[in-house]
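This report refers to the structure that appears directly beneath it.
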Amino acid sequence: MHDFEVVSNEPIARDIYALTIRAPKLAAAIRPGQFVNIAVPGNAMSLLRVPLSYASANPEAGTVELWYAVVGDGTRRLAQMPAGSRSDLLGPGGKGWSVLEGCERALLVAGGIGVPPVLCLAYELAARGIAFDVCLGAATAESLVGEREFRELGAGEVRACTDDGTAGYHGFCTDPAAELLSQGGYQYVATCGPEPMMAKVADAAGQAQVYCEASLERMMSCGFGACSTCAVETVNGMKGACMCGPVFDAKEVVW
Ligand SMILES: Cc1cc2nc3c(=O)[nH]c(=O)nc-3n(C[C@H](O)[C@H](O)[C@H](O)COP(=O)(O)OP(=O)(O)OC[C@H]3O[C@@H](n4cnc5c(N)ncnc54)[C@H](O)[C@@H]3O)c2cc1C
Ligand code: FES
């Protein structure tokens, strides 16, 4: 459990906010692909925390940045937390990305609000000198996030796509992902976004014989293995996303 203070909490796209919190021990401990479970004040009837991945961490400043979409009561209350307000969170939780040793080039594929866990991975790849390309998808230009950050981190190619063609390529980001994978040269694929998107990426990675991991989203009532609300069907039986995931070997998931 970590207490935190809100440093800033501002919209960055349509219904998407960037929340920076000060929580020094968390900032030092959290690893790409892990998540936090935030207690959001403002509704005495709600015991549920909001699970969120993180977009970046700055151990020197003791801060962690999270990007979240406002979709319901919890995230609406989160959007109302001003700078200086305080609460607590559980974390870091779960198992994050496991980029293979010897990986020289990775492909990152993120759709919608699946960008944050993939972005924090890009920070690690850049720090380790591993080259990466990115395929980004969003419904429309106003909800496309992360393009600038991936470019600034030194991504080789950033192929942004929108479903309605208002920015980047007109279509799903699974198409450029499959095209890049068919060209070869990757040792690792990481994906997060809508499940049909991740299933397609997993399939394309399988065909290209490249190891692929996917970060799955599930309802999470406890976040630490006590409630079974976060079950994921795998070829090895049901597994809890909060402890065995949220990042899974894509071949293990029953899509
Ligand atoms: C490991 C993990 C990491 C996540 N990372 C992020 C992130 O970085 N950014 C982000 O915007 N969101 C992320 N989510 C999803 C986020 O937790 C939910 O959007 C949030 O809990 C919704 O809460 P709410 O009270 O606002 O909405 P609710 O009123 O609870 O629900 C609104 C809608 O969201 C759906 N929903 C509710 N909880 C979840 C959930 N846990 N997973 C999927 N759908 C849900 C409901 O079915 C409903 O359709 C993550 C979820 C998990 C499990
Ligand atoms: S969220 Fe309770 S067991 Fe995973």
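Just so it is clear, glycine is given a Cβ too, placed from its N, Cα and C backbone atoms.
Since we're looking at a predicted model, the values are computed, not measured.
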Residue in C212, C242 which TrEMBL records at the [2Fe-2S] cluster site where C222, C227, C230 also bind: C242
Cβ within 8 Å of the mean position of the Cβ atoms of C222, C227, C230, C242: remaining residues of the chain near [2Fe-2S] cluster: M220, S221, G223, F224, G225, A226, S228, T229, G240, A241, M243
Binding-site residues listed as C222, C227, C230, C242, least Cβ neighbours within 10 Å: C227
Residues among the binding-site residues G74, T75, C222, C230 that border ligand 1 - Cβ under 6 angstroms, in sequence order: G74, T75
Rounded inter-Cα distance in Å - T75 (FAD binding site), C222 ([2Fe-2S] cluster binding site): 17
Cα separation, G74 (FAD binding site) to C222 ([2Fe-2S] cluster binding site) (Å, whole number): 15
DSSP-derived class (H/G/I helix, E/B strand, else coil) of C230 ([2Fe-2S] cluster binding site): coil
